[in-house]
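What follows is a single structure, written as structure tokens, with notes after it.
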Amino acid sequence: MEIILGIVQGLTEFLPISSSGHLSVFSKLFNLKPDLSVFALLHLATLAAIVIFVGKELTEIIKGLIKLEKNYINLTLKIIVSTIPAAIFGVLLESKIEASLSNLKIISFFFLVTSAALLISDKIKGNKDLSTLTYKDALVIGIMQALAIFPGISRSGFTLFGSLLIGLEREIALKYSFLVSIPVILGAGLLEIKNISLNSYSISSAIVAFFFGLLSLFILKKATISKNLKIFSAYCIFISIFSFVLGGIK
């Protein structure tokens, strides 16, 4: 079962279909108790995949900070601004998040919200690069990321949606959406890491999540550039209906 959760986490963490929503659905389907510490371990595994995916950008930022280059200092500050709302929401709404993990009817609604955001994202045109990003833009993206703390709302989908809304070019929007997710995923994982029980099963699950995470990143990149997010939008409608029905049965 841990391997299955690893596959689900790896594929759904970056594909814009909500990993937390899917993990909740699978937990309910197989009568597993939602465990935020397990989710945190899987998040840390997929975090490693993000670091590889945006490795070039991260290296440039680190080098720029070491050299005290103004544009990289400003970019780092904007990434921090995009992170703050999620941190605040996470602290204030922790109990509600845990409750929503077991309520499939609420998750079903949030899947529909994600579907709508993806459908709109396919129609947005942008040509801005990161040099034009303002602190207000960064805050908008941060609010989108904050909303994604609820299962069913995709973090990658909503941060990408926010990045496109403020006019970023599609591939740049995708890369920025993952740059701003790094502190949030890392923070969530570190907060729960003290409760994680490492064993052969959990480690295997994390390794599987890492490799499937890499696969899903490249799938999302292709879908974003070719404006095929509608495929994931349609899937979110399907999983919304499925989770709603499952919530009524279980």
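Here the Cβ of each residue, glycine as well, is placed from N, Cα and C on the backbone.
Feature annotations, courtesy of Swiss-Prot:
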- 35-55: transmembrane segment (TRANSMEM)
- 73-93: transmembrane segment (TRANSMEM)
- 100-120: transmembrane segment (TRANSMEM)
- 146-166: transmembrane segment (TRANSMEM)
- 171-191: transmembrane segment (TRANSMEM)
- 200-220: transmembrane segment (TRANSMEM)
- 229-249: transmembrane segment (TRANSMEM)
Top Cβ-contact partner of the transmembrane segment (73-93) among 100-120, 146-166, 229-249 (pairs under 8 Å): 146-166
The transmembrane segment (100-120) and the transmembrane segment (229-249) contact flag, 3+ Cβ pairs under 8 angstroms: yes
